[in-house]
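To start, the structure under review is shown below, and the notes come after it.
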Amino acid sequence: MNIKLIDWSTFIGALILLFGVTIPLIFFPEAGKEVVNQANTFMTGNFGVMYMIMGLLIFAFLIYVAFSKNGQIKLGDEGEEPEFNTISWAAMLFAAGIGSSILYWSVIEWAYYYEGPPFGVEGSSIEAIQWSTAYGIFHWGPIAWAIYTLPALPIAYFYYVRKKPVLKVSEAVRPVLGKTVDGPIGTIIDVLFIFGLLGGAGTTLGLGTPMIAEGISSLTGMEVTLGMQAAIMLLCTTIFAFSAYSGLRRGIKVLSDINLWLAIFILGYVFFVGPTRFISETTFNSIGIILDNFFKMATWVEPFGNLSGFEETLFPESWTVFYWAWWLVYAPFVGLFVARISRGRTIRQMILGTMIYGTIGCILFFGIMGNFGLYMQLTGQFDAVGFLNEYGAPATIIEIINQLPLAKFIVLIFTILAIIFLATTFDSSSYILAAVVQKEVEGEPLRWNRLFWAFALSIMPLTLMFLGGLGALQTASIVGGFPLIFIMFLLAWSFMKASNTDIRASDDYEAPTIHIKRWKRKDKKKRRSALEVLEDRKDEDD
Ligand code: NM2
């Protein structure tokens, strides 16, 4: 156990924050629940608009960068081709950014909007149905993917253009903060990133587990209990901890590939065996609704909410703000992967690719899975909304899948898919967490370190699960994400500052693709960043 390699201030800082939040919740569950709920209401009520502004600003910023000089910069050397072809690039991008939650929300999100639509629309009306088909896609659409893309900009830039291997978020803001990132400020930034990711993971595990439990219950007839859910959570944790510990790279890669094919199979099955025409038409229609109302949806904060004569829905707080926060906490982590796979592309290709392909992938899930459920509802074959009110979301999701022909088989595939999705998301998160708290990464982050973070990742959600309720889980991302709003701003600034300086000094300023040539990689093999290590990992896997 080589403890010299650990960056102790970041490690302990993250740990203090983690236990500082979880231990009081374990010992004082009732008071804890109250505090968590209040924190949630306080954050979303007072600062919700900040998340909304952030989403829109990031979206506008990326579109601007994509079509500016900065977007023409090539991530790599002159003549270098993109390292991965566009299809594998898009598939990897999707696998890194999306986990089991898409199975959850793509099937059920519409049902919430059907009953509790936005904009003061009456529940279950035709208008509500229209919104219900569009809002899920909006929450998993271009703004969401823009949030994911932003951190990739400085990380990819410093890695491929300035040729400095950067893993830590604190390193990516060095152009703005200078030497201060070597002190406590840098540690705080990294700790906040860890805290955010723990929050995001909390939301993911907390939503995924009850759904998997319902799947198992539907297959075996066993009753869903808290104990069963805890066992599932531990099972998923153990799968990824085991892979983390034994370095089962092949195993995890095989799992991700299986996942991709299972997902394609389920989508294809529901599309062709289900109401193909209804799904196609409704999905197409909902894209129109979003295009027509994009800015209205992106800015709706219900300002007259509790003034007299208006009935407050709390829709923006419960949905859009929650989602932007959730995408935000995963963003630095996904940014690292996007950066890693984008060698040889221009900044513009990276930005537009992420936003377009990411959105298309989510449209497929929401369009196919969501509209299948809606079809069941509208044709009276299955009252998903009634079932949701009575039995809750996880049971309803599985019951919707149960309406398909060969139901048992499809529920089985769906449940397996959810388990693998959870395990692979956590495998990569624990890898990144372990790497961030190390000074150097030689080969792989230390085993015990990876294992440690693998389990740390599930402590928070386990606690939150026993506290109960979606509300408590949603807060995990919202609270965890708040400080990251400011870090995102620093990341954008840092990218602009560095790239503008380099563009000014470059000689192919007028060319359609700009190659920045002034930076050479310092070949100090000893200090390897996790990014390089990931690269090797990939090479070995191939
Ligand atoms: N996002 C995409 O749980 C997961 O699927 C991980 C969730 C941020 C909503 C990402």
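Just so you know, glycine gets a Cβ as well, placed from its N, Cα and C.
No curator has checked TrEMBL annotations; they are predicted automatically.
Quick look at what TrEMBL annotates:
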- 5-28: transmembrane segment (TRANSMEM)
- 48-67: transmembrane segment (TRANSMEM)
- 87-108: transmembrane segment (TRANSMEM)
- 137-160: transmembrane segment (TRANSMEM)
- 181-206: transmembrane segment (TRANSMEM)
- 226-248: transmembrane segment (TRANSMEM)
- 260-279: transmembrane segment (TRANSMEM)
- 321-339: transmembrane segment (TRANSMEM)
- 351-374: transmembrane segment (TRANSMEM)
- 409-436: transmembrane segment (TRANSMEM)
- 448-470: transmembrane segment (TRANSMEM)
- 476-496: transmembrane segment (TRANSMEM)
Other parts of the chain folded back onto the transmembrane segment (351-374), taken as Cβ under 8 Å at six or more residues beyond its ends: 62, 65-66, 71, 86, 89-90, 93-94, 97-98, 102-103, 105-111, 114, 129, 132-133, 136-137, 140-142, 144-146, 148-149, 152-153, 267, 270-271, 274-275, 278-279, 282-283, 286-287, 338, 345, 382, 384, 400, 404
Proximity verdict for the transmembrane segment (321-339) and the transmembrane segment (181-206), three or more C-beta pairs under 8 Å: yes
Interface-richest range of 5-28, 48-67, 137-160, 260-279, 409-436 toward the transmembrane segment (181-206), CB pairs under 8 Å: 5-28
Spatial neighbours of the transmembrane segment (137-160) far in sequence, C-beta under 8 Å, 6+ residues away: 54-56, 58-59, 61-62, 65, 73, 75-76, 97, 102, 105-106, 109, 166, 169, 171-173, 286-287, 290, 294, 297-298, 319-320, 323-324, 327-328, 330-332, 334-336, 338-339, 342-343, 347, 350-351, 354-356, 358-359, 362-363, 365-367, 488, 491-492, 494-495, 498-499, 531
Same-chain residue ranges lying at least 6 outside the transmembrane segment (48-67) that approach it to Cβ under 8 Å: 142-144, 146-147, 149-150, 153, 295, 298-299, 301, 316-317, 320-321, 324-325, 328, 347-348, 351-352, 355, 481, 485, 488, 492, 495-496
Surrounding residues of the transmembrane segment (260-279) on its own chain - C-beta under 8 Å, 6+ positions past either end: 91, 95, 364-365, 367-369, 371-372, 375, 404-405, 410, 413-414, 416-417, 420
Same-chain residues near the transmembrane segment (476-496), Cβ under 8 Å, at least 6 residues beyond its ends: 39-40, 43-44, 47, 50-51, 54, 58, 61, 65, 70, 147, 150-151, 153-154, 157, 169, 172-177, 189, 192-193, 195-200, 202-203, 206, 321-322, 324-326, 328-329, 331-332, 460-461, 464
